[in-house]
Structure formats: structure tokens, C-alpha cells
Amino acid sequence: MENIVTDANFKKEVEEAGEVVMIDFWAPWCGPCRVQGPIVEDIAKQFASKHTVKVGKMNVDENPQTAQTYQIFSIPTLKIFKAGKVVENLIGLQSRETLVKLLEKHSAA
């Protein structure tokens, strides 16, 4: 997956993005994160051609500032942003269907 989000580029990639953005907050040692990762990557490919949703991943161990700012206490956590504001906060492993439904809802509105 190409869109790796860091403390350094979070503002540009997420808060200033003109589109809906979903960020997967994860860590390499997290078992459920390793299950969630391929689902998120598949969704990123699905929405890439539509240009309505951007999907990114942030390693919380390497980017503690953003993780603290957005109160990431459990992983995986997925947050969906619209106009730079959190519109969905999902904690724990999420199904592909749930994520697609939420992204379609927010990108259509």
C-alpha cells in the first residue's frame, strides 16, 4: 500500500485533504492489525479509481504524536475523516462490508 501517513505529513494528507480519508492506525506486533491490513489495502484499491476516498495507514509505534492527538488507545483503530474532521471512529477488527458501507455513505454525502 502506497499511502503511508506519518506525524510529519498527517496534516497535509488528512486534515487538509479535500476528500474523505480513512486511516488505519496499526502496529506490526498487533495480530488483529495483520488481519485488518489486507482488508484495508483491498478497499484502497477499490476506491483508488473513484477518486472520492483516500485510504492510508499509520504505524502508531513510529508516529506517537498523531496517535496521542487522536487518542488511539487500542489497535486496530480506523478513523474516517471528512473535511479534516473525524466522522467515524472504529475500534477493533472491522469487516470489509462495514468499511465499504461507511466510506460510500460519507463520500456520497
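The backbone N, Cα and C atoms fix where each Cβ goes, glycine too.
Pulled from TrEMBL, these are the features on record:
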- CYS30: active site, nucleophile (ACT_SITE)
- CYS33: active site, nucleophile (ACT_SITE)
- CYS30-CYS33: disulfide bond (DISULFID)
- 1-108: domain 'Thioredoxin' (DOMAIN)
- ASP24: site 'Deprotonates C-terminal active site Cys' (SITE)
- GLY31: site 'Contributes to redox potential value' (SITE)
- PRO32: site 'Contributes to redox potential value' (SITE)
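With the fewest other C-beta atoms within 10 Å around its C-beta, GLY31 stands out among the recorded sites GLY31, PRO32. Contacts of ASP24 (site 'Deprotonates C-terminal active site Cys') defined by a Cβ separation under 8 A and a same-chain sequence distance of 6+ are given as CYS33, GLN36, GLY37, VAL40, VAL55, GLY56, LYS57, MET58, PRO76, LEU78, in order along the sequence. Taking the domain 'Thioredoxin' (1-108) as a whole, pLDDT averages 94 in the prediction. In the structure shown, the C-beta of CYS33 has more C-beta neighbours within 10 angstroms than that of any other entry among the active-site residues CYS30, CYS33. Counting residue by residue with DSSP, the domain 'Thioredoxin' (1-108) contains 43 helix, 28 strand, 37 coil.
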